[in-house]
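Q: Here it is, the structure in full.
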Amino acid sequence: MSVLQVVLYPDDRLTKVCEPVTQVDDELNQFIDDMFDTMYQEGGIGLAASQVGVLKRVITIDIEGDKTNQVVLINPEILESCGETGIEEGCLSIPGYRALVPRKEKITVKALNRQGEEVIYHADDLFAICIQHEIDHLNGIVFVDHISNLKRQRIKDKMQKLKKQLYRSKA
């Protein structure tokens, strides 16, 4: 198992729509383990494959962060949604920034699990918000796409400066 490099906004890979997974196999399961390792290392509760540069429709979630309730969603699809909610969301690809994002309060999502079996989750509250946030990533949307252009541009400018500083410190 290994920790993967998290892609930082405004990297173009975060704007790409991810491809469906066509085969659930040992290689994919190793990647999923690496995604969980990365998510825990970075202190997140959810991670989309595109956030580590892999443009496949795979999500890992662990709301509690204690490794006892890990959720894997492969090729997730929201079937139903209702209600309105929102919290200040953060993102591993945009460290240090948060914004209020409108979301559906309850959702029903269909996906494959890591064994390739179809699963259905009826999610609400933080679990529903996290699923929607990560599915946005699979569709090339980051949470700052939900805020004003001015705020988004400020964050983009600051993130580009941060990326340059990180690049210089590694050189």
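For all residues, glycine too, the Cβ spot is worked out from N, Cα and C.
Reproduced below are the annotations present in Swiss-Prot:
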- C91, H133, H137: Fe cation binding site (BINDING)
- E134: active site (ACT_SITE)
Q: Once the chains shown are all counted, how many other Cβ atoms turn up within 10 Å of the Cβ of H133 (Fe cation binding site)?
A: 24
Q: Give me the non-local Cβ neighbours of C91 (Fe cation binding site): same chain, 6+ apart in sequence, Cβ-Cβ under 8 Å, ordered along the sequence.
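A: Within the chain, C91 (Fe cation binding site) has Cβ neighbours under 8 Å at Y9, Y97, H133, V142, F143.
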Q: Taking 10 A as the limit, how many CB atoms besides its own sit near the CB of E134 (active site)?
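A: For E134 (active site), the 10 Å Cβ neighbour count is 24.
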Q: Compile a sequence-ordered list of residues in the same chain as H137 (Fe cation binding site), six or more apart from it, whose Cβ lies below 8 A from its Cβ; state 'none' when nothing qualifies.
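A: Counting only residues 6 or more apart in sequence, the Cβ neighbours of H137 (Fe cation binding site) under 8 Å are L14, C18, A48, S50, Q51, I59, S93.
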Q: Excluding C91, H133, H137 themselves, which residues in that chain have a Cβ inside 8 Å of the centre of the Cβ atoms defining the Fe cation site?
A: G46, A48, Q51, E89, L92, S93, E134, D136, V142, F143
Q: Going by DSSP, is C91 (Fe cation binding site) sitting in a helix, a strand, or coil?
A: coil
